[in-house]
Amino acid sequence: MSYYDTIFSKHIDKIKSEGRYREFKALKRQADNFPFAEHANKQIVMWCINDYLGMSKHAKVMQASIDALLKYGVGSGGTRNIGGNNIAILELEKELADLHKKQAALVFTSGFVANDTTLASLAKIMPDIVFFSDELNHASIIAGVTSSRAEKYIYRHLDVKHLEELLQSVDINRPKIIVFESAYSMDGFFSPIKDIINLAKKYNALTFIDEVHTVGLYGKHGGGIAELLNCSDQIDIIQGTLAKAYGTIGGYITSNHNLVDAIRLTAPGFIFTTSLPPVISTAATHSIRHLKESNEERIKHQEVVTKLKNSFENFNIPYLKNESHIVPIIIGDPIKAASASNMLLNKYGIYVQHINFPTVPRGTERLRIIPTPAHTDKMINDLSIALVHIFAELDIELSSTKELNEEIRLNLIA
């Protein structure tokens, strides 16, 4: 074992030498005191969690999960094909199909699995398919496209002109699919969705949109950016997550009956794994239903996002300007990014996880701030002041958002 241990040790040491070693923070979240948590016996404010609207602690969602737990027990009992096709997950899929105005939906154990296994399976169903994928697509999309072994073209980030050039190079009668995200999680930029839809129609391509960072948050009923733009019906496959705005766990796709059924019968990431337990499916269904009916959380969320960005501008904190709720602060150095994160936590009681390579390109290391409706004006002010002090201590330049945005945008798409 010592021979192999040496290999693993060298690999870890290399990561440490590059300032990329990840240490997970031990947290005790507080359902009755969101967005606070306990860390090292101290109360902290969380500014980096994906529970965007705090739905994991919503009274309706918690009560629904308690009721389901007492009624059905903890586990699902098996795969969907063998004992695990519980009524709760069927109700969830019906709710998701309705959310996106599609004929059918299919639930997976995570958003990663939904992307990975669906995209790879499309190539099994259509062996001649060609993928067109944005260069900054999520690792789950990259994994699915890569494991499909299908022909692929990677277009420059958000560049529809480059996408069209690539589409033109492929026979119009050959199966093809454009894969993109509605909002990119590390920079917060929105895709030009309607332009991509138009190109798909022009060149006879399917469209696959990842809405994981936008479902629940945008649109009249929480259907994401596609619903906001009133174009859900023009997108062939909408993929999303239950683990962010909806506050639970799991991923899904929605589309027409035949496509969803084909994936159900083909995707190994769906077939060969235990299904979501009823306690989770029921909680997710109630979360979706609530956010279909209530705009209160979305309105408050956008108010906090605006206040946070305004505060950063007032303090000259160099965040990456975008139209979304994701607020990245580019540090550009892995050591300083880690130091800033640790100082925020240990000195100021503020938890913001730093993001380093391989999640983001080298030289674009960052802090990613995630506002929620529960963040107060005082929390925003405390965070802003803490960042100013930390930037001074670490010799990180305060610069205008406009200048930084242009500089980093070039790095992101180079």
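Just so you know, glycine gets a Cβ as well, placed from its N, Cα and C.
The substrate binding site annotation in Swiss-Prot covers ARG22, SER133, LYS152, THR359. Around SER133 (substrate binding site), taking its Cβ as the centre, 22 other Cβ atoms fall within 10 Å, counting all chains.
The pyridoxal 5'-phosphate binding site annotation in Swiss-Prot covers SER185, HIS213, THR241, THR273, THR274, and the record cites similarity to another entry as its basis. Using a 10 Å radius centred on the Cβ of HIS213 (pyridoxal 5'-phosphate binding site) and all shown protein chains, the other Cβ atoms total 29.
The N6-(pyridoxal phosphate)lysine annotation in Swiss-Prot covers LYS244 and is backed by similarity to another entry. Long-range Cβ neighbours of LYS244 (N6-(pyridoxal phosphate)lysine) (same chain, at least 6 residues apart, Cβ-Cβ under 8 Å): ASN50, ASP51, TYR52, VAL212, HIS213, VAL215, GLY216.
The active site annotation in Swiss-Prot covers LYS244.
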Report summary line: Per DSSP (three-state), THR359 (substrate binding site) is coil
Query raised in the report: CA-CA, which of the binding-site residues SER185, THR241, THR273, THR274 lies nearest ARG22 (substrate binding site)?
Result: SER185
Query raised in the report: Among ARG22, LYS152, all listed as binding-site residues, which has the most CB atoms within 10 Å of its CB?
Result: LYS152
Report summary line: Expressed in angstrom and rounded to a whole number, the pyridoxal 5'-phosphate site built from SER185, HIS213, THR241, THR273, THR274 spans a maximum Cα-Cα distance of 28
